[in-house]
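Copied over from TrEMBL:
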BINDING   His2  Ni(2+) binding site
BINDING   Cys72, Cys75, Cys91, Cys94  Zn(2+) binding site
Amino acid sequence: MHESAIATSILDLVLHALPAPRQRITKITFVAGVLAGIEPSCLEVYFSELAKETAAENAELILKYTDAEFVCQTCGYRELFEGRGRVKIECERCGGLNRLQGGSEMYIEQIEVEQ
């Protein structure tokens, strides 16, 4: 499970981003692509445990997903891929070769702290 390593990275990043060391983090919005293979409940459990006795203890962790898409290398046609279903190697419009784009990114979109 890579959720433990991801939770550790999230916590390290948000703690180092605090403008003042005594501020409490109240909410973290984390964005992950549908192909990143993150199990939300596992990520939440790991984060909650790791955040104990830190400025992020009891912070709400919101996970948002970004989609991937198939992009035809011949005609440029784009088709959304939500991470499940069959992989479409050929473009349904022209038969050209599709390239899978996006869907594996991970980043912290927003951190909210107490005022």
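Note that Cβ sites are derived from N, Cα and C of the backbone, with glycine treated the same way.
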Additional residues around Zn(2+), ordered along the sequence, whose Cβ is within 8 Å of the centroid of Cys72, Cys75, Cys91, Cys94: Gln73, Thr74, Gly76, Tyr77, Glu92, Arg93, Gly95, Gly96, Asn98
Distance between Cys72 (Zn(2+) binding site) and His2 (Ni(2+) binding site) at the Cα atoms, whole Å? 31
Around Cys94 (Zn(2+) binding site), how many other C-beta atoms are within 10 angstroms of its C-beta? 12
Checking the binding-site residues Cys72, Cys75 for other Cβ atoms within 10 Å of each Cβ, the smallest tally belongs to Cys75
Could you round the CA separation between the residue listed as 'Ni(2+) binding site' and Cys91 (Zn(2+) binding site) to a whole angstrom and send it over? 33
Tell me which residues of the chain lie with their Cβ under 8 angstroms from that of Cys91 (Zn(2+) binding site), as long as they are six or more apart in sequence? Phe70, Cys72, Thr74, Cys75, Tyr77, Leu97, Asn98
